[in-house]
Amino acid sequence: YRLTYYTPDYQVSDTDILAAFRMTPQPGVPAEECGAAVAAESSTGTWTTVWTDGLTQLDRYKGRCYDLEPVPGESNQYIAYVAYPIDLFEEGSVTNLLTSIVGNVFGFKALRALRLEDLRIPPAYIKTFWGPPHGIQVERDRLNKYGRPLLGCTIKPKLGLSAKNYGRAVYECLRGGLDFTKDDENVNSQSFMRWRDRFXXXSEAIYKAQSETGEVKGHYLNATAGNVEEMYKRAAFAAQLGVPIVMHDYLTGGFTANTSLSMYCRDNGLLLHIHRAMHAVIDRQRNHGIHFRVLAKTLRMSGGDHLHSGTVVGKLEGEREVTLGFVDLMRDPYVEKDRSRGIYFTQDWCGMGGTMPVASGGIHVWHMPALTEIFGDDACLQFGGGTLGHPWGNAPGAAANRVASEACVQARNEGRDLSREGGDVIREACKWSPE
């Protein structure tokens, strides 16, 4: 492999797709051989020389390991940079992209561990993807909500409620001041609550809350199903009801299904909320798997208006910077290389719409100053237990979140330092809102 696929003198082309792999070779295996093997097994190579190699232009189609750098503080671990010619990949297909780059190479026996840390998608390939159904700006225009983060809540308990009681919980949260409520990712169409009943009860709650508050409201109706035809049926029913948004579990559902649903949502005026159920199976190990920044990039290409991205509150500073790095990759039009934030390559999105990050998991009103400072306005903050756990009920819990959010945004706009004064801002808001 090394003689053919390790090319340290290679000059990267503007149209190459670049990958950064964290690579741990087996003891005794040279890093150059492993890097070349990764390039070979994820492009044109196989375990032996075959006579049909002579029937193709191998230099045109092969992947190349063009750089290796040791990982600081780790023994026998390297970042291998691999360049792939754009002609290896089908236009507009995240499925084909990932099948080629990570489909087989992770089982290669010369490697102890392998992790895909980042991808550089060139403009020539980015332009073959539709991206999010609508994007952040169109979503704000449809909701008529500007200048603050959007607020949401996952309805709990996530399993076991009847459709009628589920709709009641949705109504109380929306009436209290939230912009969205959410189906849990586990909720599809079980015996205790079939999807059509849930869609009907939740849409009734949306319209009732809208009429009382004068605001556009939404509920993430989970359209995930066992086959794409059934997903289309559920999304079509949501469109008939006139609700603004549906939801998909994109990793368990698959990228092909996600892209299909995204295109349907674009054509039928639905926003698409994406949950990342199963992501930790792929991205939790530091030395093996795929980093979430790659899953976030590929989701933006496949299509999604929202994507769960973690909270960063309470984590180490380094983790915070890495999380904010892939949050920027989700929503910004152009992101510069910045290794301190885990961004290995400069990424130009060529005008593709942004995906709004969703912060959820263990957050409540006292986190609001930090969340406002970290995420800014273009984010959706999801308070599950932080809403439904309020001692006075769902609507007061929602009101508490809304008041805290607006107080923090106003304080920030007035130039106050939320990192120092955030607690005071929340306590001042308590005087005007007993919730």
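In case you wondered, yes, glycine gets a Cβ from its N, Cα and C as well.
Since this is a predicted model, take the numbers as computed values, not measurements.
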Which of R194, R276, R284, R331 belongs with N104, T154, K158, H308, S360 in the substrate site listed by Swiss-Prot: R276
For K156 (active site, proton acceptor), the three-state class that DSSP assigns: coil
Spatial neighbours of E185 (Mg(2+) binding site) among the recorded positions N104, K156, H308, S360 [C-alpha, 10 Å]: none
Candidate binding-site residues N104, R276, S360, pick with smallest Cα gap to K156 (active site, proton acceptor): S360
Of N104, H275, R276, H308, S360, i.e. the recorded positions, those within 10 Å of D184 (Mg(2+) binding site) when Cα atoms are compared: H275
